[in-house]
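K.L.:
Attaching a single structure in structure tokens format; questions to follow.
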Amino acid sequence: MSTSCHEFEVTVHTSPGPTSGTFSRLWLNLIGSHGETPPLSVSEGGCLLLPGSVCPVQVRVSAPLGCLLLVRLRLEARTGFPDLDWHCSRVEVRSLAVEDQRGGRGACPGDPDIQVFLCDRWLRTADGDIELRSGKLCLLMDETEEKVKQQRIRQLEHHQKLIRWREFVEGAPHCVDLNSLSELGPNLRYTFKSPAANLYYLRGFAGQAESWTSFSELETVFSFIGHQNNTAKFVQAHWEEDWYFGYQCLNGCNPLLLRQTSILPPNLSVTPDMLRPFLPDCSSLEQELQTGNIYLLDYEVLDNVPANVINGKQTYLSAPLCLLHLNQRGQLVPIAIQLQQTPGPHNPLFLPSDPGCDWLLAKIFVRSADFQCHQIASHYLRTHMLGELCCVSTLRQLPETHPLHQLLMPHIRTSLQINFQARASLLAADGVFDKAMGCGLEGLPVLLSRASDRISYQSLCVPDDLTERGVDKLPQSFYAQDALRVWDALHRFVFSWVSVYYSGDDEVQQDSELQHWISDLNAHGFNNHSGFPQCFRTKAEVSKFVTMIMFSCSALHAAVNFSQLDFALWMPNCPAYMLRPPPQVKGEVMEDDIMSFLPHVNLTCRVLTALMLLSQPAVNFVPLCHYKDTIFRDDAHCRLVEAVQAELKAISDDITERNRHLALPYPYLDPEHIENSVAI
């Protein structure tokens, strides 16, 4: 729009939410390429910033402004009135005269007569000047006006003062540096609306700091808290069976650890003769290893992690090695379990042919170890901490007009508040990890640091991870099948989005904001041998990395978070800690003894209470790849969003149809139930 004209009509739109209005005065400037107007009070003439209101104001200029680039807003509190935040939807500017001093149509050919300066955020009096820009998203290299380039720089400088880095655990990705949620400001906070969890039948056990007396006692409580959960009832009915133990490694709440192996770990004290009874008659251990039928669970990350003291009693962590075999029925079954990493006479190898209680207890120890790794590594580190790492770097290095800022923020925005609250409650003194987890607050930093050191970029990228672990072709690997389809749909969407803005790889290399972003991620993220890209050279590299973030903070989080109650509701399937050390000899454990290894009554209920709260999808959750219209606002963007939504809908329909024929419930990667972002 040519702003060499002398008069404009500016319309300020307040968002329609019931608390969007403010008593404060609003000052406004128009900023052009050649100059700017003095501050003008929008509130003069009785115009109030009411919810859903439209405030028009006439702006006259005495000299040409050039191309209209920015609108500056500033709130000023009224004396005697509360200082309330204001949610601005947008500002529209229309020229009332279109001829410039030369009598031409305008100084900026191609500009519309009405420019829209989107805001869609909260403004506060403490923010000072806020500058809005119109036009499409673009890269820094595509900016033609120096004033707009400077506005990008000022915005990042402001965010870098507001959003700072802090080390939570040495060796783990850094987090946001906050002392209170109020420091985030209203645009990075959110309201989590959750349906009330039914905790009625878990109340009243808080004082029972003793072990369960029998499985029958535990079954009574389960009957009340699990009677409406079909998955939990299936777990309770089949948790002792070897085939279901293996099934959970593929499709349970932690499907990320199992891997194919062609070589036995040197610290696993197993011989071919020991395993011969559990392999096909015509085969051998060597043959099964070479044909890819042997799989491994290795919890070495837990080796020598200090165990917690709970209810005044020492608990015990194991670091098991578990071999599994893909049998001729297509089932994955455990065939050997060693409960500690170092072999020796007091660390026996447990086999399916051992007394039933020995074998069951060995599997319970594996499940308890898996619970520690699931909560810290698979859930907190790989979804929550990764989301926070990317959110902080995005706010600090990518301005709002950068196309990747707008693509990523809906998936990672909530991570700052969620993780801050988690560190202040769940992971703090007297929280669940302190009072009811085997690793406890002393073991947590050790485990988190080790898990961070062992993570790789490849393990976060679904196609690479599934192939490398050898689980992509297993007949019952439904998580792998569904994860790959969701990843592929997201990747096509992201690559198309990236291609809108980067015509070639050279533009990727020239995008200084993008390169600063990945450098910041590496400086505050994982170690140098993780395989994370140190810079971006191609559109393909950018697309893969962005897909990894979006998948981790949506689909992966759905898989490892919303399913955890289903598999842990029957507590012996996922004990949060073990009260006795791993057995050093076989044949001494009876059925009645098993209960003495398992968590106390009160803390069983405390863990289940926490999981009930954590695993409930929000009432106001946003499904995967659903966005505000203000973000994807032109035809090209809308077509991309419509295409990925259609593809995800087709995947959802296929999963629903498949699950209808399965005897096993498995809803966790249905796109209709995947939230856009990490959620509580």
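Backbone N, Cα and C atoms are what each Cβ position is placed from, and that goes for glycine too.
All annotation found in TrEMBL is predicted automatically rather than curated by experts.
Since this is a predicted model, take the numbers as computed values, not measurements.
Not my notes, these are from TrEMBL:
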- 6-137: domain 'PLAT' (DOMAIN)
- G21, D85: Ca(2+) binding site (BINDING)
- W122: site 'Essential for stabilizing binding to COTL1' (SITE)
- 138-680: domain 'Lipoxygenase' (DOMAIN)
- H379, H384, H557, I680: Fe cation binding site (BINDING)
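Mind mapping these onto the model and telling me what they sit next to?
P.N.:
Sequence-distant neighbours of G21 (Ca(2+) binding site): residues of the same chain at least 6 apart with a C-beta under 8 Å from its C-beta are T14, L48, L49, L50, P51, S53, L84, W86.
Listed in sequence order, the residues of the same chain lying 6 or more apart from W122 (site 'Essential for stabilizing binding to COTL1') and placing their CB within less than 8 Å of its CB are D85, W86, H87, G185, P186, N187.
Here H384 (Fe cation binding site) comes close to S415, I418, N419, A422, H557, V678: these same-chain residues lie at least six apart in sequence, with C-beta atoms under 8 angstroms from its C-beta.
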K.L.:
Let's see if you can do this one: DSSP helix, strand and coil counts over the domain 'PLAT' (6-137), in that order.
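P.N.:
Across the domain 'PLAT' (6-137), DSSP assigns the residues as follows: 3 helix, 62 strand, 67 coil.
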K.L.:
Within the chain of H379 (Fe cation binding site), which residues six or more apart in sequence place their C-beta under 8 angstroms from its C-beta?
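P.N.:
Counting only residues 6 or more apart in sequence, the Cβ neighbours of H379 (Fe cation binding site) under 8 Å are H557, V560, N561, Q564.
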K.L.:
Within 10 Å of each Cβ, count the other Cβ atoms, then let me know which of the binding-site residues D85, H557 comes out lowest.
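P.N.:
Looking at the binding-site residues D85, H557, the Cβ with the fewest others within 10 Å is that of D85.
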K.L.:
What mean pLDDT score does the domain 'PLAT' (6-137) have in the model?
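P.N.:
Mean pLDDT, the domain 'PLAT' (6-137): 88.
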